[in-house]
Every structure is written in structure tokens, then in C-alpha cells.
Amino acid sequence: MGVFRFISISLAAVSAANAAQILSMPHAQTVPHSYIVMMKDDTSDDDFNHHQSWLQSTHTHNITRRATIQNAGMRHKYNFRKMKGYSGIFDEETIKDIAKDPKVMFVEPDTIISVNGKVEQSNVPSWGLARISNSQPGANSYVYDSSAGEGITVYSVDTGVDINHEDFEGRAIWGSNQVNDGDDRDGSGHGTHTSGTMVGKEFGIAKKAKLVAVKVLGNDGSGPTSGIVAGINWCVEHARQNGGNDKAVMNMSLGGSSSSALNRAAAQAVEQGMFLSVAAGNENQDARSSSPASEPSVCTVGSSAEDDSRSSFSNWGPALDLFAPGSNIISARPGGGSQSMSGTSMAAPHVAGLAAYLMALEGISGGAVCDRLKELGSSSITDVGPGTPTNVLISNGGAKGGNPKPAPGPSPNPSQPSEPQQPAPSQPGEPGESFPGEPFPGEPFPGEPFPGESSPGESAPAPAPMPPSPQHPHTPYPGGDNFDFDGYWKKYFGGEHWRKMFGSFWN
């Protein structure tokens, strides 16, 4: 009996020593009784399946005994090849039992993540497209290569997308709804706006890329971390089965308190070949305090204003990789038409769209894309913030062989905002709010400017009508009877043209 007691005590001591850490999130808004569990990297499929079977039995026993939590159990299961895990609603005793499994790396409370920008301002210019293709601010044309992101798929991990908006030309599809609200639409407008910047025919950078809507935030602009991790997992698997992760871009214009689970999920997506653009956040603070912006392997984006200064609301610090236009950006709105928003949420899709553009043009992918964006960008941003290692504003590098296209401008009657073709979906509460009646930390109420930004006018300008399609370099005999064949051949098929078009490969 004494020997048996000694062995029992020894096993208990070993179990306690190997117990996984249950992380605390004292400054975050948590989801009651909801947790994310991450397994150790060497966990096999068999071990994971065995753990789930054990969990079901243990959880059922604990709930039956106490019956204190409604709708408890596993909600999401994650499998990123090298990283496995799950989330769900569990009582305290079950969480303690889970942490004792030596295959568990850590347990993390599920926290609320929100969009990183939702402000409507009136009578402002649309300048972001023109800025990324011109060396100086104030230009009014967007110059781009006619490849325009063709063959690349962009995943909008956001509030959903109005996939029927005319700006997407049928290139947008609905992918997944991790909110599980039965509402496959963008009831906020945030996801449609960011998607328009990425791939829209009028507002977008990669005008020929495909778009997949992945809803991870509700119509109020917020959602649990567990659902966002599930959304990332879905994107990785969908891309792998549909063209490859090296042909995929993910945009996450969202953020919240630092989360090991969310950062690890984002890192797994990058490791498997995807490019991730992430908003730095709008609190005018060090971006290392939030996720997924603090994950080193993603491309973390700060916001710039029209005068090439850091937007007053933009986060800063060592986590930042790049800056992109984010103040007063006009893009698509649900139901048709356009609206203006500000935030690092608007900056990140500029980077995602340009990433898709460069991936199609140069054949690069994954982590190499962020490095290429740094090479092509200009050292233009002023007042970058404490500890920020970069002042680089993104640029498409003069759009090798590109064609000019005017950026969206004011409508003939600038006092009238661009209206949707049909009524926008009803919105429960003010979209983009963390709590009813309150704006996100560091953001103004809708209709008010950020501190230090220009005051709003009376209405937002509508985009200008689409100009005639720019002439493709291979369009035969432009100019009709006056066509200069020798000059045309020299311009488009001479060595200088091809050196410019493919210099990145040859030099």
C-alpha cells in the first residue's frame, strides 16, 4: 500500500509539473466560459483524436455533475498541419482537467476582437490609389500594369462582403461564416469597404483578382478570437485546395488584446505560403500590445494621411512594417455606391491589394511579398511614432508597363453623397461599435473626425464615372490610319520595354 501511495503521489507531481499554462487576459474583454486550447506542435492526429474523445467524456461528466453552463462544449476545431487546437464553452473544472494533458501547450480565454476603423466623413477626396502609383502626393491618376492581380485570390477576413456590389464585377464569392449568425451578408459595411480597396474595378488596386468573403465579425463589428482563428484555418485550407496558398492573400483589418492563439494561427498561414496584411490598430499606441498586429511574420500596416504624415490615430512601434493610405478613404458600401472611412482598417487593404498585384506581376509569394513592398516603397512618412523602424509608404514601383487610370474623384454635384442602388441592409445598432452607443477606443463617433484630422464637410463625394478602358500594350494599330508601326514596335517590343517589364527577373 505504501508503494502504491508513493507512485500515485509521484504521478500527480509529474502531472502538475507538465500542466499547461492557463493564460490570463486581465485587460481584455473576454467571452464568458469560452476558451481556446492549443496543442503542442508534436501532437499527432491520433493523439489529437484521442484527446477529443477524452474531452467529450470529461466534459459530459463535469457538466452533468454541476449543470451550470448552457450550450457548453466544443465550438471550433483547428488543424494547421503543424498546429492543432480547438475552442469551446467549458466550466472551470473541465479547463483544469484539459490543462493537465501533457499534449496541451496552453489554454487561453476567448477575447473580443473588433474592426480597426469605422468612421464616415463627408466631402473628402479619394486619394489612396493615386498616391501609391505616384512619387509625390497630390496626383490624380492611378497607374497600374494591366495584369492587375489576375490569378490571385484575396480573402477578406472581416464583417462579410456585399458580393453583389457592382464594383466586384462578379469576381467575389461567399466563403464561410464563422459568426454562425445565419446572416451571410455584411451588416456593418466594413468588410465591403475594405474589399473594394483591394479588388474593386473602381476603388481597387488588384482589379482582376478574385475575392472570397470570410465573416468572422458580427454586424456590430466585433467577434470572438476563437472564430477568427477558425476563419484563418478555413482560408488556409480553401486556398490550398483552390490554386494554392502561394496564390493567396489574406487581409485582416481587425485587432484586439494580445493573443498567443491568434498570433500562432496567423504565423501558420504565413508559413504555409499565404501573404497576410494586418491593421496596426487605431489607439495611437505601441502595436505590440495587440493581435494579430504583434505577430512578426505578418505584414503590419500603419495608416498615413494625405500629406504623408502618420495618421493621428495610427498605432506605431517596432511591430510596424509599412504605411499605407488610411485617412478619408472612399470605397464600396453594401447595396451599391460608396462611402468614406478612416482607420488602419483602410490602410491594410491597400497593402493586401498591392500584394495581390505584385504576386501576379512578379510571381512572388508569402513572406517575400512584404520585403518586396518595402523595396518598392518610398521613405515618405513623417512623425512615424516612437520606436517605429520604418517610414516607408507603399508604392507599386511605377507600375512596370502600366496604364494610367484616374482615381475616383468628386461627382458633378459634390454636395450629394454616392447613394446605393438599393437600400443598404438594416444595421442593428451603429456599425463598428464595441459597445452600444460607444465608439472603439481611440476612434470618434461616426461623423466626427479623428483628433488632428480635418473636420467633415456636408457629404461624401461620389466616384467619377469609369473612363474608357486603358489601351493594352498589345492592342493592334492604335491611332488608325496615322499609326506609326516602327515607333509602336520599338516602344512595346524593343529591349528597353522588356527590360522595364521584367527587370526584377533579369537584374
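Each residue, glycine too, has its Cβ placed from N, Cα and C.
Of the listed residues (N62, N251), Swiss-Prot tags N251 with N-linked glycosylation site; the rest carry no such note in the record, though that does not show they lack it. Summary for the active-site residues D158, H190, S345: the Cβ-based neighbour count within 10 Å is maximal at S345. In this structure the alpha carbons, written CA, of D158 (active site, charge relay system) and H190 (active site, charge relay system) are 7 Å apart. In this structure, the C-alpha atom of S345 (active site, charge relay system) lies 8 angstrom from that of H190 (active site, charge relay system).
The domain 'Inhibitor I9' (34-113) scores a mean pLDDT of 82 in the predicted structure. In the three-state DSSP scheme, D158 (active site, charge relay system) is classed as strand.
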